[in-house]
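*Asks:* Swiss-Prot lists 1-256 with the feature topological domain 'Cytoplasmic'. The annotation region 'Disordered' is assigned in Swiss-Prot to 124-148, 167-200. The phosphoserine annotation in Swiss-Prot covers SER127, SER129, SER132, SER133, SER179, SER182, SER190 and rests on experimental evidence. Annotated compositional bias 'Polar residues' per Swiss-Prot: 174-200, in sequence order. Swiss-Prot lists THR177, THR216, THR222 with the feature phosphothreonine, giving experimental evidence as the kind of evidence. Here Swiss-Prot flags 225-253 as coiled coil, drawing on sequence analysis. What Swiss-Prot records for 257-274 is transmembrane segment, and it gives sequence analysis as the kind of evidence.
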Amino acid sequence: MVTPQSPTPMFNGLDDDLYSDAKYAHEINDKMRVPKRIKATGEYSNEDLLLSNQNGMISSWNYHDKIDMNVPDRIVVLGHNQHLETRSAPREIQLENSILPKNPSVGLVRVQTPPRIITLTDQHFPSASEESSPIRANGHHLYGNDLDEDADDEEVHATQYVRANGVARMGFQGNDTNSVESDSQLTTGSASKRSQLNQQQHNNLDASMLAHREGTPMGELTPHEEILYLRRQLAKLNRRVLNIEINNEQRTQREKIVYCLGLAYFVLKTIFWLNRN
């Protein structure tokens, strides 16, 4: 018997926690339970209400169809306000389960584990074996005829020319590998040096990625490295063709000047000879 003089029991939070957890779980179960019947007005009930027939007798053959809620796993829209309820999983999940088992064994894994040690004999890594600098040892850039001599360098050079009216045009651009400036009044200017430096910084990345390790045969290159290698070869060919066309254009200009001077000389000599006679 507890009296006012009896010592008060000490507070024990463990019992209260157990009691509150059990009460919380019971309330959650009651709240998350799906009702057996929901009306169109929003009212619902869990009573087992059976529908009676014309004679007042209750039949249970349509109990599950009219009272219980059957939630299908999949609803397929057929069109024309029609749908199909199925219990099967979607085709994507069925295909994935047919290829990849749900419970793989120890030796079968879905994702390959990356190796802890990577060796150069098995993996492709770029190296600094090939020089990618387009600048000579004396510090001068490559222009004019030096392009033909240094065609094997890693860097792809874009020679820029300036028209007589000051409009700059690129002889070789990344988006148009066959663009060649064949105007008759092309002169190199100071803007070409600045454009060379900008183009050099832009192409350093591709040149560094293209450099592969020493001793790697061409058959072992990855597709990305092969694409970069083909781009470099096309750039070299385009550079040589550009240099040849520039030389041909300059030679044509020189021949025109020589022909004009020679024709003017013979015309003047003819006029002087006629005047003398």
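The backbone N, Cα and C atoms fix where each Cβ goes, glycine too.
Keep in mind it's a predicted model, so treat the numbers as computed, not measured.
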*Asks:* Would you kindly list the residues that approach the transmembrane segment (257-274) from elsewhere in its chain, counting only those six or more residues past its ends and only Cβ-Cβ distances under 8 Å?
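*Replies:* Same-chain contacts beyond the flanks: none.
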*Asks:* Please state whether DSSP places THR222 (phosphothreonine) in a helix, a strand or coil.
*Replies:* coil
*Asks:* Including all protein chains shown, what's the count of other C-beta atoms within 10 A of the C-beta of THR222 (phosphothreonine)?
*Replies:* 11
